[in-house]
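Database features (TrEMBL):
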{"type": "ACT_SITE", "residues": "Ser100", "note": "active site, phosphoserine intermediate"}
{"type": "BINDING", "residues": "Asp57, Asp152, Thr154, Glu280", "note": "Mg(2+) binding site"}
{"type": "BINDING", "residues": "Asp57, Asp285, His289, Asp328, His329, His449", "note": "Zn(2+) binding site"}
{"type": "TRANSMEM", "residues": "12-34", "note": "transmembrane segment"}
Amino acid sequence: MKEWYQKDCMVCTRLKIVLLLIVTVSVSACYFALQTLQAAPKGNAAVPRYIFLFIGDGMGAAQVELSSALLHDAQSFTMTSLPVLGMATTHAADRFITDSAAAGTALATGWKTTVGTISMEGNHLDTLRTIAEMAKAKGMKVGIVSSVGIDDATPACFYAHNATRKNVYDIAVQMASSGFDYFGGGYSVGNFPENQAKTKVFRGDIADLMHSSHYVIARNTTELKAVKPGTPCWAYTDYDAKGALSFAMDRRNEEIDLAEFTREGIRLLYNPKGFFMMVEGGKIDWACHANDATAAAHDIKAFEKAIGEAFAFYQRHPGETLLVVTADHECGGLTLGRRANGYETRLDLLHHQNVSQQRFSEKVSAWKKQGAVTFPMALDSVKVYFGPGNVEADSSLALSEADRNMLQEAYTATMRADFSGTQHIDAFTPAVSALLNNRAGIGWNSNAHTAVPVQVFAIGRGAEAFTGFYDNTDIANKIMQIAKLKRPAR
Ligand SMILES: [Zn+2]
């Protein structure tokens with residue numbers, strides 16, 4: 001009896017195990033099928049339909065942390081909240097420290113080239129196809145946005161091919177022949193008369209060429225908002241002497257900011273076949289060249305706001321969007337800490353600076369023309385626009401005798417220097433800015449780029465491929481692989 005019972009029980013157990021296995025396999029299959037259905041883009045499985053590549057020019061990890069600590073308080077940045085993090089080396093084919101042309105070529109084509117070259121091989125004979133061109137060939141729409149001139153090195157690397165970034169007019173001409181759908185941000189420096197005059201082959205005014213290629217030109221918010229989706233558009237806003245947007249901290253309300261260029265770009269490019277959009281925070285680099293920490297922090301915040309627009313789009317299309325944020329190189333050798341300050345930082349002192357170095361330098365230039373601003377008057381301006389000397393606000397801003405002497409020397413040298421046209425050598429503004437940066441405990445090691453690897457943040461379809469440590473050429477290669485973009489033989 002006992003034996004029979006035991007035997008029956010074993011049969012039951014076996015049956016139960018088989019049944020359990022069947023149920024487990026079925027449930028798992030259903031679960032994975034559901035997961036795939038939820039995540040896959042409608043129509044084309046596993047390929048992102050909407051691709052964003054954000055490039056913070058000159059934006060190293062120290063720059064990101066500076067901006068976050070100075071301007072965001074408890075609120076975290078979108079870019080640093082993205083789930084995937086990688087790092088990329090940035091060297092050029094011929095130099096350890098790269099420039100925006102070689103780095104832009106790496107990010108746009110997946111190939112190393114020489115410094116100064118725009119999406120061509122280092123031999124300057126062969127052009128390199130860009131991911132933007134590959135996306136266009138696949139039927140996607142393409143948008144290129146930058147806070148500096150639209151024919152500056154980084155944006156140029158996505159639509160143009162030239163032996164040198166200096167040929168800005170020839171680069172701008174290629175904007176009109178690119179067939180891309182949206183250009184937004186700074187003006188075309190190549191279209192400045194002095195640059196038109198430099199070209200070997202003048203093909204006409206860039207605006208005329210853009211019109212002939214059926215681009216609508218929008219010069220302000222109202223005009224940009226009136227452009228209908230699907231219409232090819234070149235949009236710019238008020239620009240400075242170098243064709244760039246104002247530094248974010250100097251921007252007037254009526255000027256279009258990087259976030260609006262991005263938002264409107266998304267509106268114009270959105271279509272069932274998808275789009276590729278590159279957005280550059282170009283003035284971060286300019287601020288870092290000048291060692292202007294406050295301006296860099298504000299421009300990163302503006303860049304962050306633009307990323308926020310793409311992130312909001314990602315949230316509406318999570319299974320169909322890939323968002324990648326990186327930098328082309330670090331600039332300025334920025335460190336958060338300084339030998340003379342030890343463990344002390346006073347980043348909050350940077351809040352006393354309320355104009356960029358560029359804007360302050362324009363004032364210094366005006367003083368020089370007027371010849372009526374004395375050194376004590378100049379010191380008053382320093383106090384108002386940068387903070388040093390404003391002991392009423394903070395005793396840490398006090399000027400020592402040595403500081404005063406140093407500033408007076410820089411002021412005298414600046415006022416004495418030859419003045420010709422718009423060019424003027426200004427030793428005073430950098431001296432004022434350095435004084436504030438030193439007090440804040442910020443260290444700058446260079447006025448040029450550095451070879452420090454840069455961070456890569458990513459989210460969305462295929463984003464996990466961006467984990468790890470790799471070369472900047474791999475960023476383009478990964479995008480090509482994930483989006484199944486057709487790369488021609490080299
Ligand atoms: Zn630079």
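Quick reminder: no glycine exception, Cβ is built from N, Cα and C everywhere.
In TrEMBL, annotation is done automatically, which means it is predicted and not curated.
Predicted, not measured: the structure shown is a model, and the values here were computed from it.
Overlay of TrEMBL feature records on the structure.
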residue: Asp57; record: Mg(2+) binding site; DSSP (3 states): coil
residue: Ser100; record: active site, phosphoserine intermediate; DSSP (3 states): helix
residue: Asp152; record: Mg(2+) binding site; DSSP (3 states): coil
residue: Glu280; record: Mg(2+) binding site; DSSP (3 states): strand
residue: Asp285; record: Zn(2+) binding site; DSSP (3 states): helix
residue: Asp328; record: Zn(2+) binding site; DSSP (3 states): coil
residue: His449; record: Zn(2+) binding site; DSSP (3 states): strand
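For the binding-site residues given as His289, His329, His449, the lowest number of other CB atoms within 10 Å of the residue's CB is seen at His289.
For the recorded Zn(2+) site, residues Asp57, Asp285, His289, Asp328, His329, His449 set the reference point as the centre of their Cβ atoms, and the other residues of that chain within 8 Å of it by Cβ are Gly58, Met59, Asp99, Ser100, Ala103, Ile284, Cys288, Ala327, Glu330, Cys331. Proximity of the binding-site residues Asp152, Thr154, Glu280, Asp285, Asp328 to ligand 1, judged by a Cβ distance under 6 angstroms to any of its atoms, singles out Asp285 in sequence order. Less than 8 angstroms from the CB of Glu280 (Mg(2+) binding site) sit Phe54, Ile55, Gly56, Asp57, Val145, Ser146, Ser147, Val148, Thr154, Pro155, Gly185, each of them six or more residues away in the same chain.
Using a 10 Å radius centred on the Cβ of Asp152 (Mg(2+) binding site) and all shown protein chains, the other Cβ atoms total 29.
With a 10 A radius on its CB, Thr154 (Mg(2+) binding site) counts 27 other CB atoms from all the protein chains. Within the same chain, residues at least six positions away from Asp285 (Zn(2+) binding site) with a Cβ under 8 Å of its Cβ are Asp57, Gly58, Met59, Ser100, Cys331. Of all Cβ atoms in the protein chains displayed, 31 besides its own lie within 10 Å of the Cβ of Asp328 (Zn(2+) binding site). Other Cβ atoms within 10 Å of the Cβ of the residue listed as 'active site, phosphoserine intermediate' number 29 in total over all chains.
Cα spacing between His449 (Zn(2+) binding site) and Asp152 (Mg(2+) binding site): 16 Å, rounded to the nearest whole number. Distance noted between the C-alpha atoms of Asp152 (Mg(2+) binding site) and Asp328 (Zn(2+) binding site) is 13 Å.
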